[in-house]
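Peer 1: From TrEMBL, here are the annotated features:
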type    : residues                              : note
BINDING : R17, R67, T98, K159, R263, M264, R265 : GTP binding site
BINDING : C24, C28, C31                         : [4Fe-4S] cluster 1 binding site
BINDING : Y30, G71, S122, M193                  : S-adenosyl-L-methionine binding site
BINDING : C258, C261, C275                      : [4Fe-4S] cluster 2 binding site
DOMAIN  : 8-227                                 : domain 'Radical SAM core'
Amino acid sequence: MPVHLLDSYNRSIQYLRVSITDLCNLRCIYCRPPEGLQLISHDEILRYEEILTIIEIFRDLGVRKIRITGGEPLVRRGVLEFLSQLVAMDGIEDVGLTTNGVLLAPMARDLKAAGLNRVNVSLDSMRRETFKDVTGSDKLDQVLEGIKAALAVGFNPVKVNVVLLEGVNEQDVAEFARLTINQPLYVRFIERMPFGSDPAPRSPESFSAHRVLEIIKNEVGQLKSVDREPLDGPATMFSLEGATGRIGIIDPVTGHFCGTCNRMRLTARGTLRPCLLGPQEIDVKSVLRRGASRKELEQLVISAVLSKPIGHSARPDRLSEGMNVIGG
Ligand code: SAM
């Protein structure tokens, strides 16, 4: 009989996002708390076998979909072997990866061979200078090569995530939308979420996902709504007339989709995070490392799921830490 992991508000938890490292090869201006990055010592990061144990507990409780993220997951040594083990795990039906794409071109074939089902690439501008300003690196070409390679080895669709940054990438919107015309790319525009108690000094505010739709309608063409697929998550999906790909908007700031939230997060340092925007974390690493039984770990996961809040608040809360730690 299928098992369902339900939270206190009857939401079925079907999805676990796992950050496997807090390290990243880019320094995006919006992806860290105002006080800067505090890297975690190697020993505090969950080992791959610990991550697999925690995933098994979720699997036994009914979770079938896993997304690997970071930091930048492709910088962690041994990631391919880890992914192969994860994909081979009985009962796991879908494994996706979110990457900044810098190392994707040389790894795309091996990722496909490891059995990865889906890949999402984060890219906020296709203009070299803006890319450099946002990420602190001149690596746009690697990312574009990475997207090409992912398509070439047969990932279909490849999703491209664009964070909306006021005064920075409004003029990229139309070009990103055009990418969907002839390629199986799903471009998803995501409102930037604020951090900490003060705005990060160098981080621009978001512009609204609805403005994206206006820009596309004015500069590219009419959009029609398309039904959300099970793996579209919180995105509202559209397509341009006759296009191969799709366009999505994700509006954590102006929209409210907590009611359908079906996910939990495991951070690189071994805590469970029931809500991205809430401060609460449950330490699973120390429990695991003191030799807890499966039963105990299962109870811990269940209580973490039951503590999932109904929503982050009517007004969007602020992220208490950088996404490099939480895992975006
Ligand atoms: N390094 C990988 C990457 O770039 O995709 C995975 C980790 S990154 C934290 C995951 C996603 O979180 C990226 O798409 C990134 O743009 C997004 N992200 C980070 N900080 C954000 C913020 N403040 N608001 C919205 N999205 C954010």
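Positions of Cβ are set from backbone N, Cα and C atoms, glycine also.
TrEMBL: automatically predicted annotations, no manual curation.
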Peer 1: Rounded to a whole number, how many Å is the Cα of S122 (S-adenosyl-L-methionine binding site) away from the Cα of C28 ([4Fe-4S] cluster 1 binding site)?
Peer 2: 11
Peer 1: Is it possible to get the count of other C-beta atoms within 10 angstroms of the C-beta of T98 (GTP binding site)?
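Peer 2: So the Cβ neighbour count for T98 (GTP binding site) comes to 22.
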Peer 1: Under 6 Å from ligand 1 by C-beta, which of these binding-site residues make it: Y30, T98, M193, C258? Sequence order, please.
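Peer 2: Among the binding-site residues listed, those whose Cβ sits under 6 Å from ligand 1 are Y30, T98, M193.
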Peer 1: Please classify the secondary structure at C258 ([4Fe-4S] cluster 2 binding site) using three-state DSSP.
Peer 2: helix
Peer 1: Let me check the 10 A CB neighbour count of G71 (S-adenosyl-L-methionine binding site). How many other CB atoms are there?
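Peer 2: A count of 27.
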Peer 1: Out of C28, C258, C275, which of these binding-site residues is nearest M264 (GTP binding site) by C-alpha distance?
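Peer 2: Among C28, C258, C275, C275.
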Peer 1: Sequence order is fine: just name those binding-site residues in C24, G71, C258, C275 with a Cα within 10 angstroms of R265 (GTP binding site).
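Peer 2: Within 10 Å of R265 (GTP binding site): C275.
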Peer 1: Measuring Cα to Cα, how many angstrom lie between K159 (GTP binding site) and G71 (S-adenosyl-L-methionine binding site)?
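Peer 2: With distance taken Cα to Cα, G71 (S-adenosyl-L-methionine binding site) is 18 Å from K159 (GTP binding site).
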Peer 1: Quick one: mean pLDDT on the domain 'Radical SAM core' (8-227)?
Peer 2: 93
Peer 1: Checking the binding-site residues R17, C24, Y30, R67, G71, M193, which are within 10 Å of C275 ([4Fe-4S] cluster 2 binding site) at the Cα level?
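Peer 2: Checking each Cα against C275 ([4Fe-4S] cluster 2 binding site), there are no hits.
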